[in-house]
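Swiss-Prot annotations:
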- 366-392: compositional bias 'Acidic residues' (COMPBIAS)
- 366-398: region 'Disordered' (REGION)
- 842-1132: domain 'Peptidase M14' (DOMAIN)
- His914, Glu917, His1011: Zn(2+) binding site (BINDING)
- Glu1096: active site, proton donor/acceptor (ACT_SITE)
- 1181-1193: compositional bias 'Acidic residues' (COMPBIAS)
- 1181-1225: region 'Disordered' (REGION)
Amino acid sequence: MSKVKATAEKCQLNISRIQSLLSQLEKVNAESLLFDTDNTRYVTAKIFHLAQTQEKTRKEMTAKGSTGIEVILCTLENTRDLQTILNILNILNELASTAGGRRINALISKGGARILLQLLLSASKESPSNEELMIVLHSLLAKLGPKDKKFGVKARVSGALNISLNLVKQNLQNPRLILPCLQVLRVCCMNSVNSAYLGKNGAVEILFKIIGPFTRRNTGLIKVSLDTLAALLKSRTNARKAVDRAYVQTLISTYMDWHRHDTRHRHMLIRKGILQCLKSITNIKIGRKAFIDANGMKTLYNTSQECQAVRTLDPLVNTSSLIMRKCFPKNRLPLPTIKSAFQFQLPFMPTSGPVALLYSMPPEVDDVVDESDDNEDTDAETEAEAENEDSDQICKNDDIETDITKLIPGQELGRTLEDLKMYERFFPELTEDFQEFDLVSNEPKPGAKLGPIIVPTAGEEQPEVPNNFMKNLARRSCNISLEDESNQRPTFLDMSKNVTNKGNSLDQKVHVDKDGSCYYYSNDIVRDLEKLSLHKASGNHPCRNGCVSAKDKPNFLPHPCNKSTSSSISCSNSLFEKHSMHLGPLCCSGIAPDDDESSPLDEQVMREMTDFDSILPLHDPDLYIEIVKNTKSVPEYTEVAYPDYFGHVPPFFKERLLERPYGVQRSKIFQDIERMIHPNDIIDRVIYDLDNPSCSAHDEIDILKFNSKFESGNLRKVIQIRKNEYDLILNSDINSNHYHQWFYFEVSGMRTGVAYRFNIINCEKSNSQFNYGMQPLMYSVQEALASRPWWYRVGTDICYYKNHFSRSSLATGGQKGKSYYTITFTVTFPHKDDVCYFAYHYPYTYSTLKMHLQKLESLHSPQQIYFRQEVLCETLGGNGCPVITITAMPESNYYEHVYQFRNRPYIFLTSRVHPGETNASWVMKGTLEFLMGSSATAQSLRESYIFKIVPMLNPDGVINGNHRCSLSGEDLNRQWQNPNSDLHPTIYHTKGLLQYLSAIKRVPLVYCDYHGHSRKKNVFMYGCSIKETVWHTNANAASCDMVEESGYKTLPKVLNQIAPAFSMSSCSFVVEKSKESTARVVVWKEIGVQRSYTMESTLCGCDQGKYKDLQIGTKELEEMGAKFCVGLLRLKRLTSPMELTLPPSLIDIENELIESSCKVASPTTYVLEDDEPRFIEEVDYSAESNDDVDPDLPENIGDFETSTLEEESFSDSEITRTHMSGQST
């Protein structure tokens, strides 16, 4: 106890002592005329001793409210005694050395930097200057400088720059003095004006004298000199001076010296400093040339290879990589033009816009690369992978609409009512009287018990439908338990139980000639799997040599085969018995897929492959072929890709986000750099080229063969770089010169056990989910024949990075110096001579949609479901744009039931305006399947709404393999404000449907446009809100007090509760200026739909909820489409609980289903489990969005339209009872 008391007394004594000393100094400062030099020297020495030995003294001097710093600085400013000055400088050094940040800021705020610079100026006037004073003073300035934003300006204005530089010049042999001087200069060089000033006064030459030649002495001085030099060389004037004096070669030689001698890696910072100097010099064109001429590429490449084994040397390898990539000569993309390889003549040429600009260029203009892409304005940081992703976009806050008058929705038809009457025929449900229909009333009797509501997803069980194929898949693929096997979903539709042999195809394509004859080129069959081709036959042709059966081995001569489009041909085991096409047997290079000869197992597989009706109820290969025949493409495709013909079954296994190994991107970049260093190792052979159809495939065994001449295919050119490495170039959208993202192509002729590297080298976006766990998709024909007919994620060593191919300013909006990006992935194929397909995402073609719609129409129950499919309009390419109407048939043809039928609110859905966003079609498929389902939930939904659906807004873009545009070369989702009936017919007429509904006072309750998002994870929505838009701007508070219904958030919040992939935290309801012409904003603003949304589905995967860390698949996308429907049913409860007269028991059962999430047990059967808790989504690495931005928005109170916040957690039945009780009272 006595010890504690003594310590306390000692602390009090110290505090009293420092206060006393400061009081003495303050008194001396007040009596400046009677300045006592000896006393001041004594007091400052005592303070220095206490500050040096006692932390509490330092705290007391800098504590809040203390005047210690002011007293010390005042004394420094007033005294002329050298020892007193040194004492005070030492005191300030002690204060700045410990807990430096806060105390240094305190010194700066009290004017410390200004006083010290004045002291430096006065001290420099003495001759000779005091060395100790200069060392201490510069040391203190070097500590204050980095914390003072205006230090560089203060130093230049006060004249301190010249003083410090002259000290260095005059004392090159005095490392102790010039070290703090260089530290001050290093800080001053952060100011570009200071850098230029110092360069003019010989600073660059002085620093090169210090850093060379190689020596191990004074390494600290060398390090600071290199840092200062690197800062100086950021000035282009200084960089040019360094190049003119051949300092680039000096730096490279010095770096090699340190690399050879620093074997223990103790001086890595010096080596990095040299690289930073090279990095600064190579910002200019002559610097890059000097670096290449000095053999810098090879030097840094070799040293980097030697450093890669040591993890601690990664900073050296990374900086070397940046320098080499910057100096790598900009290459021309090996294309004759960046315009699409396919041309389509528009009905008329627009007078303005990108298409007009594209075709106004003289033919002699080279649009692939600019005349001088290697300009001198290159910034060092532009080559870094952390490049600002929004540098070429307008600022987010500037993009937000601030004019409230433009935000207020108003129903602006824009067309006369007479003009809109043309759309009356698309709404037969509003005039149908059902007198000629044989309707059976399903009205429940009072007290009757209804059956349970089946799981609210896209399907319903029908155990009697055979499912042998799914069981076999389970046993073969992932050993699914018998319990899980029994839960697999049969079709939910009223399907025929007659199974036909539609899976006997061992081939990948059917070939159909215009004249109706079919030829078998046995060499193609044996080597490649005979291609599926399309014939438009007329009449029967005699079969000269007969058809090749599945068991016959074809010879090497073409065999014409009898064709008929209406009747079957007499070819046993033919897959196309009802159509004018034929397939040969699978036999790759004379070798069976896995065995030397056909085995009983192969025959068993073939038998099992025929039972596809049970798992793909909407897929019919024969029907697909018939539809493709009538699909019009610009390239006039005559082939069908195997996956589209045969169909896709979601795999049983989960596909996790890929974890990228450390250093894989760096390794790929170095391999690219090797192309310049070792050019003789590069094959550079074109093996596929749409621009040169005569470029035939090479016959060498070791060369892969490529093809994309089928619906939705996109691959323009392939160049073999090394034996197992290929550069791939994507085709631009038709009538455009960019939009390279979607790919879909075929590869064949591979070997097993070989790692093939594929580089797609003309990507445009500055980042991609391929860097964050996403993998491309592959479909293997041999895997499909082994009962695994699915797309699955493949690829290792995947990364996305900037490459050395220049982008023309004609494709970048006038910006020069842009580069393309590379997607690279490595694949080892499991089967020799397989035929595989690669895609950016799960393909979903226009013909697939037409097939699904026809199957839905033929399989639905007409007594329960009102289904109409009509052609809204014809596209530019001559393809029909379907529009679908789905609702429940009226209970009877009595007036009351028909009246209720006609007055159901509308739900308007659209999808696939961007062709590359194929996931939108899979979500739409889930929605359509659910709406056509036979469950009680689906029936309730149909009885609640009339669904008007345009499932594919851009058929031409989908057919022709575009990523974003239609044949007009424009983004259709930017044409909604003023669509042109000739150039944008699908948008014009879809908007016309909405305008018609608005004109007859039947504005839809919900509008939703399905999209895909390539840069973010999860599924989320963008909506429209005036209040939230204004809240994100700097508008005054008065404008934020506006009253706005919060019903726009109801549906997203419901989906957040029931859909595992949905993330409310990613949703945004801000209206941006750049999105004012999109469907979401136009329908909200002009049609007056408050709940107008864009629903974005990730192309990658999820980072929250049940699917966290998993890549998304078609079953999750279809589930999302079904969940959207369930959310609409919940929306009905929340907004109009009295309108839907379901018994409370039925509402309670459905509420239990809605408040849980789905667990997928088979490709199409969903089983319920407890919902996952919400996860707060981390800030996404990219704010870019093709359709909308994604700011973080706090959830506002009162989002639901019900009267109190507590109702968010109510069940549907509770809400209903609450409203009923409220009305009864």
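Residue 1 is the first one shown; counting continues down the chain.
Quick reminder: no glycine exception, Cβ is built from N, Cα and C everywhere.
All features noted in Swiss-Prot, drawn onto the structure.
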residue : record                             : Cβ neighbours (10 Å)
His914  : Zn(2+) binding site                : 28
Glu917  : Zn(2+) binding site                : 30
His1011 : Zn(2+) binding site                : 29
Glu1096 : active site, proton donor/acceptor : 30
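Cα separation, His1011 (Zn(2+) binding site) to the residue listed as 'active site, proton donor/acceptor', rounded: 5 Å. You'll find the Cα of Glu917 (Zn(2+) binding site) roughly 10 Å from the Cα of Glu1096 (active site, proton donor/acceptor).
The two recorded residues His914 (Zn(2+) binding site) and Glu1096 (active site, proton donor/acceptor) have their Cα atoms spaced 12 Å from each other.
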